[in-house]
Amino acid sequence: MLVLAIETSCDETAAALVDGGRRILSSVVSSQVAIHAEYGGVVPEIASRKHLEMISPVISQALAEAGVSFGDIQGVAVTRGPGLSGALLVGLSAAKAIACARGIPFVGVHHIEGHLFAPFLERPVEFPFLALVVSGGHTHLYLVEGFGRYRTLGRTLDDAAGEAFDKSAKIMGLPYPGGARIDAMAQEGSPGAIRLPRPLLADGGLNFSFSGLKTAMLNRITKHPVSIPGAEANDLCASFQQAVCDVLVAKTAAALERTGVTRLVVAGGVACNSGLRRSMQALASGLSIDLRIPAPALCGDNAAMLAVPGNHYLEQGHASELSMDVTATWDMDRVGEGRS
């Protein structure tokens with residue numbers, strides 16, 4: 001099935017053409033990072049207006065790069081939620097319009113569900129598998145037993161890992177988004193140079209908390225300002241990044257032990273982080289498990305990842321109704337209700 005996938009949950013307008021839920025014919029992403037950098041974070045109203053401006057050009061570009069027309073599309077997959085309501089509505093409206101005009105089915109997909117299956121665009125993963133999804137808004141551990149069959153094992157109790165990266169970067173005076181900048185500076189620093197907390201590291205549970213680490217960064221910068229560029233700033237970035245990675249790895253290792261699964265997916269925007277990729281590779285090597293981390297282009301928000309579960313649901317006859325609305329909050333444990 002040739003699926004047009006559309007993603008507009010936050011600040012990327014994306015469209016992709018994927019054949020059979022596996023072969024990417026095109027994947028176009030229009031980022032708003034430069035626009036929101038002026039405000040130090042995503043402004044929902046501005047994001048929605050930019051999506052309205054870019055949705056048609058992005059879809060047209062995806063079709064052109066794939067060498068197909070609207071008449072070739074057999075189904076549409078679109079992010080229904082979670083995300084910014086106004087932003088989601090732009091993508092959903094476009095998907096409904098195309099599906100209605102062409103007389104083809106469409107399906108609303110959970111944004112995180114897309115991240116879970118991003119590795120399938122490179123090589124399928126056998127069920128069951130453990131998934132760690134780390135991004136600006138999510139830090140969750142899931143047991144994935146099949147399409148639509150997800151069990152949340154752990155989640156952030158406050159800030160997500162990506163949010164902690166961006167807020168800590170802002171505290172240091174680094175430009176938005178700061179996660180990539182911290183990663184780059186960390187490679188020039190010493191991860192053991194500055195002592196920082198590892199929240200909930202030894203609590204015995206699988207939940208995460210990064211607000212305390214963020215506060216520790218604020219206190220450190222307040223008492224000991226650093227010059228950028230500079231060796232001390234690099235050390236602080238390296239120490240912060242190592243603290244985050246230590247927590248993520250420890251919780252993931254505990255989840256692997258509890259579930260007994262031998263396959264691990266690490267996905268989401270923070271999965272681009274070089275320190276996290278190295279740490280997870282070391283964990284996988286030590287435990288002899290099958291680790292899948294998508295290529296960086298598939299870690300950040302994109303539309304192609306939505307086509308994997310979208311294609312499955314459409315082929316199973318689980319299309320969405322035109323009356324379906326966006327949902328800004330959506331529990332992953334309930335995604336499979338009414339379909340599988």
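Cβ atoms here come from the backbone N, Cα and C positions, even for glycine.
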Please state which member of Asp290, Asp301, Asp325 Swiss-Prot lists alongside His111, His115 for binding Fe cation.
Asp301
Could you look at Asn273, Asn302, Asn311 and say which one Swiss-Prot places alongside Val133, Val134, Ser135, Gly136, Gly137, Asp166, Gly179, Asp183 in the substrate site?
Asn273
List nothing but the largest Cα to Cα distance in Å, as a whole number, among the residues Val133, Val134, Ser135, Gly136, Gly137, Asp166, Gly179, Asp183, Asn273 that the record says bind substrate.
18
In DSSP terms, helix, strand or coil for Val133 (substrate binding site)?
strand
Which whole-number value in Å describes the distance between the Cα atoms of His111 (Fe cation binding site) and Ser135 (substrate binding site)?
11
Based on Cβ atoms within 10 Å, give me the single least packed residue among the binding-site residues Gly137, Gly179.
Gly137
Cβ-Cβ under 8 Å from Val133 (substrate binding site), same chain, 6 or more residues apart: which ones?
Ile112, His115, Leu116, Thr139, His140, Tyr142, Ala267, Gly268
